Amino acid sequence: MYFNTEDIIPMKEITKICCIGAGYVGGPTMSVIAKKCPHIQVTVVDINADRIAQWNEADLDKLPIYEPGLKEIVAATRNKNLFFSTEVDKAIDEADVIFISVNTPTKTYGKGKGQAADLKFIELCARNIAKVATTDKIVVEKSTLPVRTAGAIKNILDNTGNGVNFEILSNPEFLAEGTAIQDLLNADRVLIGGDETPSGQKAKDLLSQIYENWLPKERILQTNVWSSELSKLVANAFLAQRVSSINSISALCEKTDANVEEVARAIGYDSRIGSKFLSSSVGFGGSCFQKDILNLVYISHSLGLQEVADYWEQVIIMNDYQKRRFADNIISTLYNTVSGKKIVFFGWAFKKDTNDTRESAAIYVADALLEERAELSVFDPQVKEQIVFRDLDYLNTRTPEENRNLLTVVNDPMEQVENAHAIAILTEWDEFKTYDWEKIYDKMLKPAFIFDGRRLLDKAKMEEIGFNYYRIGQV
Ligand code: UDX
Ligand code: ADP
């Protein structure tokens, strides 16, 4: 037993909650809770004052996160029962339940560098809660965390607190960006992990009650803490594995007459396999897949399970190969030199309907092409110039100045394609499909190339216009 307290949390129902971290998880999740639970006061806090100011923007198009359906919910709840604030301590002290939703990036230093999750933000939160809390609290971990983090949080809270009781729950978030609001409103399941003591059970039931305001009871699964923490990593690892599996087949299809989409459809009709997560792409990105798999690899390795670690690591190796393969194909098709050639990127976000670019395939494809001295021009409907440069500068492959010399970010896709040698589609934004591709063709240098990393466009139509059209997974 690693929870020693048998104290029963005294609260009868939850009236005030707070969430530490106003990011892609905390923001949408708390907005939906506020909308569905008008009787609960929800305060989202963050140490990043700019981010909080953006959440409080009168102009709802300036919220820090782009997510379909989000601004309508914020409009309906903000300053009624949903508040965004930088007053972290006050919100912690007032709340019955504290969600921790801060970032857990992969470590960039020391032991576990490049694999283990960096828990320093979580630890800072736990220490802060211990310092500030004067009444009993339920502390909920919402960030993706490696297994056994709840134990660490519990330890800090028990040893440094003001003598109040804490019950720690794991409640991982399964929303996908771009469909976050729908995923939250109609969640397949909610997972609540907690201690198997009377006190832990009471905390789990109290948190379940929040979700029961809009979800059927059967979809709320209660488990022990470790199962809950591990399930989040495993769910993401399984999803990422499907993408890497179909991407491995895309390479095979490009060497044969098979078409990866037909293969995916054929296998997806098997109800045991199912049709989702079989879209071959330039590679998966996002804040979770790579990070969670690396965590799984690190944990397995630390426990001496080398074969398990190697098995999961291969999913990442396959994903890196897919990004590299896409860039290499551009280079070899453009007569083995892209130096000084204008290549236009449509899309920078890691998928459509989000402004998030974390681990986006576009970053790595751009990096490979910039190393060959290509001139890149980037357009994404929701990603700002400063973010594109931040992503590239972070890689440290070139100086910030070199990146700015070789790459420009533009707001008008039509102006961008003027005299371009090639267009590469990196994100599957719907609007790209409706562009005037004949006009685009006229403006480009000939022969005009399209490299479709998302299989977004109609191959026959593009070839009819005159493009040399290449897509993932089909010759
Ligand atoms: C994922 C999980 O889906 C979600 O449950 C978890 O809470 C967080 O991680 P997210 O990263 O937001 O969500 O997006 P997701 O839709 O899963 O896509 C991840 C990446 O895989 C994207 O880059 C996407 O383009 C790519 N992908 C997905 C494919 O390449 N092919 C597919 O068939 C599906
Ligand atoms: P996610 O996708 O998991 O939501 P984000 O990086 O979008 O991750 O959001 C995490 C947020 O947590 C950031 O806005 C960051 O400023 C905030 N944060 C990190 N540490 C703390 C802390 N100790 N107190 C308050 N907020 C924090």
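The backbone N, Cα and C atoms fix where each Cβ goes, and this holds for glycine too.
What TrEMBL says about a protein is an automatic prediction, not a curated fact.
As recorded in TrEMBL:
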BINDING   21-26, ASP46, ARG51, 102-106, 143-144, GLU177, 288-291, ARG358  NAD(+) binding site
ACT_SITE  CYS288  active site, nucleophile
DOMAIN    344-459  domain 'UDP-glucose/GDP-mannose dehydrogenase C-terminal'
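A mean pLDDT of 97 is what the model gives for the domain 'UDP-glucose/GDP-mannose dehydrogenase C-terminal' (344-459). Cβ contacts within 10 Å of ASP46 (NAD(+) binding site), excluding its own Cβ and spanning all protein chains shown: 23. Between GLY21 (NAD(+) binding site) and CYS288 (active site, nucleophile), the C-alpha separation comes to 16 Å. Residue pair ASN103 (NAD(+) binding site) / CYS288 (active site, nucleophile) shows a Cα separation of 11 Å.
Residues TYR24, taken from the recorded positions TYR24, THR106, GLU177, CYS288, GLN290, are distinguished by a CB atom under 6 angstroms from ligand 2. Per DSSP, the domain 'UDP-glucose/GDP-mannose dehydrogenase C-terminal' (344-459) is made up of 46 helix, 19 strand, 51 coil. With a cut-off of under 6 Å between the Cβ and any atom of ligand 1, the binding-site residues GLY21, TYR24, ASP46, ASN103, GLN290 reduce to an empty set. Between the binding-site residues ASN103, THR106, GLN290, GLN290 has the most other Cβ atoms inside 10 Å of its own Cβ, all protein chains included. Reduced to three states, the DSSP call for GLN290 (NAD(+) binding site) is helix.
Long-range Cβ neighbours of TYR24 (NAD(+) binding site) (same chain, at least 6 residues apart, Cβ-Cβ under 8 Å): ILE65, GLU67, GLU177, ALA180, SER287, THR354, ASP356.
Taken residue by residue with DSSP, GLU177 (NAD(+) binding site) is part of neither helix nor strand, so it is coil. ASP46 (NAD(+) binding site) is 21 Å away from CYS288 (active site, nucleophile) when you measure Cα to Cα.
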